[in-house]
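Asker: Before we start, here is the structure in question, set down as structure tokens.
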Amino acid sequence: MSTTVIILAAGKGTRMRSQLPKVLQPLAGRPLLGHVIKTAKQLLAENIITIYGHGGDHVKKTFAQENIQWVEQAEQLGTGHAVQMTLPVLPKDGISLILYGDVPLVRQTTLEQLIEVSNKTGIGMITLHVDNPTGYGRIVRQDGKIQAIVEHKDATEAQRQIQEINTGIYCVSNAKLHEWLPKLSNENAQGEYYLTDIVAMAVADGLEIASIQPELAFEVEGVNDRLQLAALEREFQKQQAKELMQQGVTFADPARFDLRGTVKVGHDVRIDVNVIIEGNCELGDFVEIGAGCILKNTTIAAGTKVQAYSVFDGAVVGENTQIGPFARLRPGAKLANEVHIGNFVEVKNTTIGLGSKANHFTYLGDAEIGAESNIGAGTITCNYDGANKHKTTIGDAVFIGSNSSLVAPVTIGNGATVGAGSVITKDVAEQSLSFERAQQISKANYQRPQKLKK
């Protein structure tokens, strides 16, 4: 049976007090709506229909690369009205999941369970038991079976005591949506077309409404303001840290860790406080990440230790490598095994061979460095001439003295030595010594200037 996912994303988000549409507010490094689209794709939905309204052009532009059908809701006249807008493009057969762009964290497994129970009856929903149901639609049951959903403003005092609430997430046969949606009425306290009225229609048709409860309550929590956004962020990060610990990761403090993407971890990984992981990362066995590090789209192989406040973006790091503190690896940085990158060293678009070292205050850009070479403190590859980037090639077992400038394009041959303080503008042959500096001048018995007396 084919699956369509309908995502309601037309809300204005006034309480966010933001120029950014609510569904584009970031949570764990991804727009709220992006989380929902990701889950829809995980379900292998044949169709994803997203209903847009306020800030629609911005929303559509953000997800221009996604295979989505966009439907406009020019006037926000309720959730039922929003889904009515999809009828011209909604398939006649199959089922539809109805989700929300501001309810970002409902899990694939939960929705798969909802689909399974709904297939038996033609309609199903996710409900939740809460201590304080104020403001939510109540689930009215008779003999355990759902009879209706009553919105808070329309509920009697007795109905307001019910603690089972409607999350708004449904799975309904498309045939029934085509039958029920045109019949919706706005004769209620809000003057809106309630999607919840399809429940009463199902009961009138003699259908039993299936329901499930989510394993985690935050799966169905919506976001209306920045307080709720921050609270949901922390709940989600807490859950992600828990899952990583179950995979064998040790955190110095799981409450001070943010995962804003995905990470694949090996055995016995250790992560200190205030580490942020973004994009798609991979950490091998026995990797250690120091405090305050930021990793983005980076792979770090087994046994590597990263000291505090190092930043990685698009880097590939080999085994048993030592990095930091305060190192920066930019896109294109590729480090072989047993490399040492020390404090205040920046590496960009550069490969570094087995066992080579750059321990202090160095910039290595657009370079290729062989094995067992030593790059002295203060060395700079001068890769940019003001118009174009050029490559520096350093062979195996090369020794670059401190405070050297290597003006690309230039090649330093295997086994060569560059004297400290040199500005190298020409290739250096293998096994040779090259240095370039002004002649030292020394003056005996030199007297420093004295401060004038006032």
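The backbone N, Cα and C atoms fix where each Cβ goes, glycine too.
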Asker: Per Swiss-Prot, which of Ser402, Ser405 sits in the acetyl-CoA site along with Ala377, Asn383, Tyr384, Ala420, Arg437?
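Answerer: Among Ser402, Ser405, only Ser402 appears alongside Ala377, Asn383, Tyr384, Ala420, Arg437 as acetyl-CoA-binding in Swiss-Prot.
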Asker: Between the binding-site residues Asp102, Glu151, whose Cβ has more other Cβ atoms within 10 Å than any of the rest?
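Answerer: Max Cβ neighbours within 10 Å, all protein chains included: Asp102.
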Asker: Return the residue, from the listed binding-site residues Gly11, Gly78, Gly101, with the maximum count of other C-beta atoms within 10 angstroms of its C-beta.
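Answerer: That would be Gly101, with the highest Cβ count within 10 Å.
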Asker: If you count other Cβ atoms within 10 Å of each one's Cβ, which of the binding-site residues Asn224, Asn374, Asn383, Ser402 has the most?
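Answerer: Comparing the binding-site residues Asn224, Asn374, Asn383, Ser402, the most crowded Cβ belongs to Asn383.
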Asker: Which Cβ among the binding-site residues (Leu8, Ala377, Ala420) has the fewest C-beta neighbours inside 10 Å?
Answerer: Ala420
Asker: Residue counts in helix (H, G, I), strand (E, B) and coil for the region 'Linker' (227-247), per DSSP?
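Answerer: So the counts come to 20 helix, 0 strand, 1 coil.
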Asker: Spatial neighbours of Gly11 (UDP-N-acetyl-alpha-D-glucosamine binding site) among the recorded positions Asp102, His360, Ala420, defined as Cα within 10 A: which are they?
Answerer: Asp102
